[in-house]
């Protein structure tokens, strides 16, 4: 027996005690290191049977049987494939995660061999049921990896629990927001995950975002290495949330376009909607990219609090940065080292410098190796990280190199940070 590292990402790691022939690691993990071990593995397959004991993929359990049996510190190991949840017109078909793991002993739900386990809730395109979430996560300390949720009747995942992690997951073609955190959900982390083509027929596309940590969500929610594209409303929506959300190294693009031929389409089309409804939310976004969004790339949206915006790139949105609304007395935005190209900027009530539209050098197409935005949907690397392409990378002679201001928690090479989301090494 030995430990095989299965979850390596952005400093977060979990380790499973499995047989020396790994069903988890395959070719996309590294560093065989001791750490947290599972007490038990429940092997699950799309054709699993509740009468099986789940001791191997030769005798796989059903997912529902594994959910009933699993305890903190244990692993539900999913054979890659499609897990179909039957649809009945007018009825919900939610999977509820109401158990809780513990600090240091979460409940793991992971696809084997770095594969994908797709939970298909089977809702037809125009059908929806109020609160028919795909995954309803009410418990705490769950860790999901390699899982996709599609065609749910409402949100793909609705999270009100805390200390949950979603790594290398995807939420697409659902009837509302891909993954929403609300009603007290706190200290949840979403890593290297995608949300795309989510649309709500209920309100003609005006609700379905990619990721939505919003309204009554609690403190400590964080998004790292995530992509949100071609959702009917916004990519990331932090509407009406006074609790700080942190977004790092994430991309939002082509949101708010009517891909559904809805004659009454009402999607907003912001990349990163960073607040709203006059709530005071001191959110932070760094090293992120927005392009091709119908409305704004980075949007204040009536947030009455100051937002921190450092080392981001915005290109060809309706407006690249829209921060023209009033803020509460004593509040101020903080802008450093950001790039705007091929669209306008409105920033007021801000401490702003070393951006391409103020004291920093103006950006032009020649500053970049590539502006081919089709590269944004290149497949992720095997470990789930965003693909390293030439898109928005600085050219060797770019005037944006070393043109930024040093900031805490912003790494750089050279004499000073570069402008924009990507540091040239």
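Positions of Cβ are set from backbone N, Cα and C atoms, glycine also.
Taken from Swiss-Prot, the feature active site, proton acceptor applies to 273. For residue 273 (active site, proton acceptor), the count of additional Cβ atoms within 10 Å of its Cβ stands at 30 [all protein chains shown].
What Swiss-Prot records for 209, 233, 234, 237 is Ca(2+) 1 binding site, and it gives experimental evidence as the kind of evidence. Spatially close to residue 234 (Ca(2+) 1 binding site) yet at least six residues away along the chain are 209, 210, 228, 252, 255, 256, 268, 269, 270, 271, 272, 273, 299, judged by Cβ distances under 8 angstroms. In the three-state DSSP reading, residue 234 (Ca(2+) 1 binding site) counts as coil.
Residues annotated as Ca(2+) 2 binding site in Swiss-Prot, with experimental evidence given as evidence: 402, 413, 416, 418, 423. For residue 423 (Ca(2+) 2 binding site), the same-chain residues lying six or more positions away in sequence with a CB closer than 8 A to its CB are 411, 412, 413, 417.
The Cβ neighbour count for residue 114 (disulfide bond), using a 10 Å radius over every protein chain in view, is 22. Residues or ranges marked as disulfide bond in Swiss-Prot (evidence: experimental evidence): 28-114.
Residues or ranges marked as signal peptide by Swiss-Prot: 1-25.
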Given the binding-site residues 402, 413, which one has the fewest other C-beta atoms within 10 angstroms of its C-beta? 413
Taking just the CA atoms, what is the gap between residue 416 (Ca(2+) 2 binding site) and residue 237 (Ca(2+) 1 binding site) in Å? 32
Can you give me the residues near the recorded Ca(2+) 1 site, meaning same chain, not 209, 233, 234, 237 themselves, Cβ no more than 8 Å from the center of the site's Cβ atoms? 177, 207, 208, 210, 212, 231, 235, 236, 239, 255, 268, 270, 273
Please report how many Å separate the Cα atom of residue 237 (Ca(2+) 1 binding site) from that of residue 114 (disulfide bond), as a whole number. 29
Using the recorded Ca(2+) 2 site (402, 413, 416, 418, 423) as reference, state which further residues of the same chain have their Cβ within 8 Å of the centre of those residues' Cβ atoms, listed in sequence order. 401, 403, 404, 412, 414, 415, 417, 424
